[in-house]
């Protein structure tokens, strides 16, 4: 889908103005109430009071979540006019703006409209700028139009309606986002950034949604190489022998039961000078998690293909950073393998030595994400990072604590935590800061090693983060537990692309 911006003089709306633009659909937002303003007022004037009459007669009141499609409206160059309800202006929030975009996309998807002049961006919430509105519009429109089976048609020959794949996709191909003339430059940059973030989210969703017999550790490694080739990044992929040479005993313990070879992926984006310390993103890449010898229940186990969504989001984010051309250095690190049971798999009670030299009693083989991450967190010390953020579908306990709205955020540094929280709010990819008190560390005590890999049922997400914190003493570190936000179940089943928006916004803010 192609996005662009068009700077318009809203005072010139008539025969030679923006309302004369030839397009398949003109999208206009209306606040609830009879006081028309901005584009809505200009449209009302050009159509000789049509909008006002619709409002007065109660045919369209501008209530949030409502829309009205008009056809062949006199005085307008568009074949269709879509009125979108914005709700009460006093209550117009980020979420209300997002709801308006989604409402418009749903309405357009039921038509054959291939192009649209989108006049919602200048009606962003009061606290947001045009760049936010443009980026948000692009990511939401692309999110709504995402279809895995269009991108990987070999997975399924027909869609839910029995038609060949692609027959149910939206016709929309070109969206021109209208902005004020004074915001043209910022809006143009926002199109580049919004498109890059949307591309990163789609890559993340693809990798998460693909079945584990396709998206193997080797597939992830090849994907990383492809990103590097397209965007001129530096890629390094370590195999089992190199991982063994690094003494990554915790990572290797997880790999023992699988015949799929483990991979350790490093991608480098050098957008700033060599003297600038990089931001390192570490993503958990368990491409399928059976639980190992501590076997998971069969029900819902198919969703354990999503256990590599941390890795997917890290790859999606560094691709977005490269496409945006941000002036900072970013490194993505992905330890990836399967967690499988077998005759040689790691057993509960086994003790292993991590790359850091600390020993770990593996009390539960289903607490494997922290094992592959701890060696990766030790490995990244060599980069002397400005900050390290690890991303993982780490604990079911985080879902119990936070549900599916907020990702769990852990950090020792208030400054790093606040920057991530602020980025999440702006990107509408929110997180909630969780405790990391030293008192929780006692739950990880082991009689036979420096620590156990689990801390019991109480505060399970917290103790998992405490475990990781023991390997991050040499740099500023944050942990995102995305177990509740990386994918959805049920009718809307699929990867969400989170937390790419949060991470991308954090890096954009840092590069500013």
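Every residue gets a Cβ built from N, Cα and C, even glycine.
Record check: Swiss-Prot places 284, 289, 368 at the Mn(2+) 2 site, and the matching candidate among 307, 350, 390, 414 is 307. Across the fold, the C-alpha of residue 366 (Mn(2+) 1 binding site) and the C-alpha of residue 289 (Mn(2+) 2 binding site) stand 8 Å from each other. In the three-state DSSP scheme, residue 289 (Mn(2+) 2 binding site) is classed as strand.
Using residue 296 (active site) as the reference Cα, a 10 A cut-off selects 289 from the recorded positions 289, 307, 370.
In this structure, the binding-site residues under consideration are 307, 366, 368, and the one with the smallest number of other Cβ atoms within 10 Å of its Cβ is 366. Spatially, by CA atoms, the binding-site residues 284, 289, 307 include one closest to residue 370 (active site), and that is 284. Most buried of the active-site residues 296, 370, judged by other Cβ atoms within 10 Å, is 370.
A Cβ within 8 Å of the Cβ centre of 289, 366, 368, the residues given for Mn(2+) 1, is found for these other residues of the same chain: 254, 286, 290, 291, 292, 294, 296, 304, 307, 339, 365, 367, 369.
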